[in-house]
Amino acid sequence: MRQQTVSWAPDNKVIPNNLIPTAVTSAGKKKQQAAKEFIEKALPLKGDKTPPPVLVMDSLNNQNGSLRNALTSAFKALTCRYADDDDDDDDDLLETKVVPSSDRFLPSVIEASADGRTKAPTAGACGATCDIRNSPNRILKAAEKGNMAEFQRLLAADERRMQFRDSRGRQAIHHAASHDRINILEFILSRPNAELRPVDNEGNTPLHSACTTGAAKAIAFFIQHDPEQLECYNKENQSPLHLATQLNKVASLTALCDFKSQIDVEQKSKHGRTALHLACISDHADAALILLRDFGASPKTTCDNGFYPIHEAAKNASANAMRALLEFCESIGIPRAEMMKLFDADGNVPLHSAVHAGDLKAVELCLESGALISTQQHDLSTPVHLACSQGAMDIVKLMFRCQPDQKMGCLTCSDAQNMIPLHCAAMFDHVDLVNFLVDEGASLNATDKEGRSVLLLAAARSAWKTVASVLKLGADLGLQRDNQRRNLLHHIVLSGGSIEEFTLSLNDRLDEFIQLLNERDTYGCTALHYAARNGQLKSIQSLITLGASVNLKNNDNQSPLHFAAMFGRLNTVRHLLDSKKGHLIINEMDGQGKTPLHIASQCGHVRVVHLLLVKGALLHRDHKGRTPLHYAAMNGYNNTMDQLLAVHSHLLDQTDRDGNTALHMAAMKNRSSTAVNLLNLSCKITKNGLDMTPMDYALHCKHSEVAMAMVTHPIRSDEIMTCQVKAYGCLVEGLTAVMPEVMMTVLDRGISKSKMSHDSEEYFVKYSFTSLQNSETADVVPMTDEPLPVMNIMVRYGREELLSHPLSVKYLETKWNAYGMYFHILNLMVYTVFLGFLTLNAVQLMQDNKKRHHGVSGLEVADAFARPSIATLSSMTSVIVLSFVLFNVVKEAFQLIQQRTKYFVDVMNILEWTLYLASGLMALSQLTRTEEKSYQNIVAALAVFLAWFNYLLFLQRFNRVGLYVVMFLEILSTLLRVVMVFSVLIIAFGLSFHILLARVELSLKQPVLDARTGNVTFKAISLSDKGFHSPLVSLIRVGTMMLGEIDFLGTYLRPLRNLENSTWYQIVTATLFLVAFIILMPILLMNLLIGLAVGDIETVRRNAQLKRLTMQVRLHTDLERKLPKKILEAVDRTEMCIYPNQKGTGNIMWRTIKRWFGSPRNNVTSGGGGGANGKNLSKSFTQQIESNINEIQEQLSRQKDKIREISKNLELQLTLVRLLVSKMEIKSEAEELDEGEFNSANLARDTTEQLDGQTDVK
């Protein structure tokens, strides 16, 4: 096997050791040693002047892939390093094999001879060879060095090398420009299609690169040959002028100045900053001076943020640039004082900006230039205010020293918040500056906009060092009040300060401090109120020890105990109750009559409620007569309710002044879990003073959650369903009208399924109809004798989803199978007999008319007398038809008397009256044997048509075909509405064709034979024969044309040949109308009708389903009104069990009758033969969904159990940790704060907002 080696021999170069070790750190520990040995052999020793020997690398080939890749990456880094080296000795560069990958310039493994000298690869060696001198980086080096010969050689070998970029995206022209190599630039310019404006990764052109290094010749070259580069901006929105200024390249600016006529010195970069702004920001004084003096830059140009260059210099502490700017302005006649008065967008002068920067030199320069320390910005703050806010003592002293006459004015000057500089220093706790300002004459009694003195402001901002210092300076405690009349003690408590520390530091003034204990603010609150609200246990103990009263009330008549109960401060409540007057305040009432127990129950603080009950809190009522249980139920605090009822169980059914129980409160506020809890505790369902039950409030407020919880209660749902509601009479009607989704859930509870497998023959579905009908024990619709009251309520409110519910459908199905099917089949059979006799009578009428028309021979008369049965058949059918007509007329008369005006609303009644009248007239004409009259045929045709159409309407009562009949009627009504709308077009075209074609005479005449004389005459042909001779006939003709009967050849095309010259244009005009008619009527209108019929079929189906179910309810209602109660009681069922997997019983004829006239769900829910297999697609899909739902419910139940267990464990661990901390006597800051709401370090909140919220009744 031929040995593989790698060689390189750069003279006098040391390979940095940090390249290889970082590349092999990812190798395993077992491979580290082999890699280390290889690296030690491969790398030249430090200081070694001779090339390393040729190294054998068999060990490299034997390494794993990760180590080999690591070493390869190292060699790639080394190669790039040496390829970019400045070594000009090309003889030392090695020839290496080109690897077929991206590692083209990596020193590859080549063959070596025994003496270590490299040689060209032999035949069969993989890949071609290339010289490292041809590396793409070489052309960049040549451009940097200005090596024209090497540059030309490399470019001649490959023109594409001109486009080569380094890691920063720079081409050869960038490198030549940055190193000022004019010969390279001129050579590039001389080439055809030379590009002088390529950009690197940062968007810099070659001119940008020249400006970054101060290459003056290159700058002049580019401006002379490509002056547009002066307007080019990089990605930072900087032109070459901006870049040179920011980098402080004076040489570049000097070179650019030679072409200042071509440069806009006011061009703006990012944020609208000019080059002068950048020079001032970076404190480049020389660059700023060149811009001002040589370029003519304006010192009064603002950026987009409204800052002048002088402001930028002051804000960035650029003292040198500011000095140069001021000196130049002074030289051109702009006084320094004028520059110091320039305002930026925020109203700051340069002195304000310098103070913001905190640079003492810049401030001193502004002061020397005439800036006044009393200058106010937009918020009326002076530089002294800003310096005091920052605590810049040296700047304040400098300003006072430089302008002593302005000192007192500044000390008393107020800003927009009416604060003097002493306030600014105090609220940020700059205690040394506070002492200095007081020594200089600042007043301690000055107040801000909120009436806070320096002492109160420091206390409100937790500046405790300043508070102590101000007290030592002699601040008067008795006069310190803000606009809300809060004293020092109020602010100490609100800011979370330690009262104990203050009392220790006020030994000689403790009496003054004690006088503040019971003082009240504008809300009537003392310091103890706020300490109780925030749960500051240490402050509460100190206040009580100092003598603070625990029974003082605020403006809402609330004591500190009320506050503690409101925010759940358990330990605070305990401290207050353990005080000397604790027994006196436990049952005190506030302005609304609420005791602390009321408030704790209202806020749901269980532990506080328990403590108050243990301490002897009494169950008083507030001014509305409500107990604590009312408030706990109103806000849904079940644990609090359990705590109250565990001690006082008689609270359960107590009412307030309006007669509301706790269940009423829960229903008003939609607290479903609370309602369930109260129902579990066997609370009473009563009416309040307004005669309203809890369900009345749920319906009135549309609180579906609490309604759902009450009607689905596992124990008391039947009791709730039978309760009466004020607005609707019964709960079922209220739920149907307002909350159909809740009523849907009630119906769902009426369907229960066995727990057996869905494929088992013993699997059953149980239907309970107790929610759909009245029973002996309870009435869901009380005080009514109307049959099917619940179903009629659903019909009245049009609740299709309730009518089509499986329970409702099964209920109607039981009614149908019990008696409805038999009565309607009997009715259909009777009507079928009537229809047969009516049809036979009409046919006999036509035969009788035929005989009368042709005459009757003597033999026919003799035959009729010989066989009288044939002669009297017509009379018999007429008598039968007339009898049926009389019977139905009497029936319809009774209905008219019962329904009155509602009778005429139903179109079917009008149709039946027309049918009976036409049938009676036809039968009477047969009996009277009158001479033939035209009306007999008319009434006969009308009677037959209406009879058969009514037969179609009879079929809609039967489930199998009823849906299709109702859908047909729905589509028919849609068609009639559309035709009525578009009848305007029919009238328009009908009248147009009548006007154009009614009086057109053709020149062609046709022979006419006179029947009397036998003479032949010629008569002119008229287009009136085509159906347009009258307006009415023309409208009918247009209707037939819509169906395709246009007759274009006979009516429009042929008459054009035979018309007189004076009327031909009428046919042309009629033809144009015909084209418009074809587009609008047969095409658009007919397609519209088809689209309505097909596209709206789902809506039609839903409407048909609702109408069919509505019709069934009305039919069953009418039948039950007429049937005896004994029959109804015999067939009524309260529940039904269906075994869908069991085969049906009975003979084939009975199953066939039930299949055609029974329920359409028979094959799924009943035991008929159609549902014997029980394995259809719908059933399988339903079973799968139910199985998935059950599985999800089980998983959720298990997860809930796990969460409860985790919660219990966490509480136990927390208890153990607390016990451990107490045993180890570990103290923390948290011990100073009580538990409860708003337990945070920031206790100084907006008290006004919180107190206003406390007075609102939830």
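Backbone N, Cα and C define each Cβ position, glycine as well.
As recorded in TrEMBL, the features of this protein are as follows:
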- 1182-1213: coiled coil (COILED)
- 835-1104: domain 'Ion transport' (DOMAIN)
- 1230-1258: region 'Disordered' (REGION)
- 271-304: repeat 'ANK' (REPEAT)
- 346-378: repeat 'ANK' (REPEAT)
- 417-449: repeat 'ANK' (REPEAT)
- 523-555: repeat 'ANK' (REPEAT)
- 556-578: repeat 'ANK' (REPEAT)
- 592-624: repeat 'ANK' (REPEAT)
- 624-645: repeat 'ANK' (REPEAT)
- 821-843: transmembrane segment (TRANSMEM)
- 907-925: transmembrane segment (TRANSMEM)
- 937-955: transmembrane segment (TRANSMEM)
- 975-997: transmembrane segment (TRANSMEM)
- 1064-1094: transmembrane segment (TRANSMEM)
(message) Suppose you look only at the repeat 'ANK' (523-555); what would the mean pLDDT be?
(response) 92
(message) At a C-beta cut-off of under 8 Å, are there same-chain residues at least 6 beyond the repeat 'ANK' (556-578) that contact it? List them, or none.
(response) 524, 526, 528-529, 531-535, 537, 540-541, 544, 550, 585-586, 588-592, 594, 596-597, 599-600, 603, 605, 607-608, 611-612, 615, 1234-1238, 1254-1255
(request) Please indicate, using numbers and ranges, the residues of the same chain that are 6 or more beyond the transmembrane segment (907-925) and have a C-beta under 8 Å from a C-beta there. (result) 838, 841-842, 845, 877-879, 881-882, 884-886, 888-889, 892, 895, 933, 935-936, 939-940, 942-943, 946-947, 949-950, 953
(message) Using Cβ atoms and a strict cutoff of less than 8 Å, what residues sit near the repeat 'ANK' (592-624) while being 6 or more residues removed from its termini?
(response) 556, 561-562, 564-570, 573-574, 577, 582-583, 585-586, 631-632, 634-635, 637, 639-640, 643-644, 647-648, 651, 656-658, 1236-1237, 1257-1258
(request) Go through the chain and flag residues at least 6 beyond the ends of the transmembrane segment (975-997) whose CB is under 8 A from any CB in it; none is fine as an answer. (result) 1023-1024, 1026, 1028-1031, 1034-1035, 1037-1039, 1042, 1051, 1066-1067, 1069-1070, 1073, 1077, 1080-1081, 1085, 1088-1089, 1092-1093
(request) Sort out the residues at least 6 away from either end of the transmembrane segment (1064-1094), same chain, that have Cβ-Cβ distances under 8 Å to it, and list them. (result) 971, 974-975, 978, 982, 985-986, 989, 992-993, 996-997, 1000, 1038, 1041-1042, 1044, 1046, 1048, 1052, 1055-1056
(request) Please spell out the DSSP helix, strand and coil residue counts for the repeat 'ANK' (624-645). (result) 15 helix, 0 strand, 7 coil
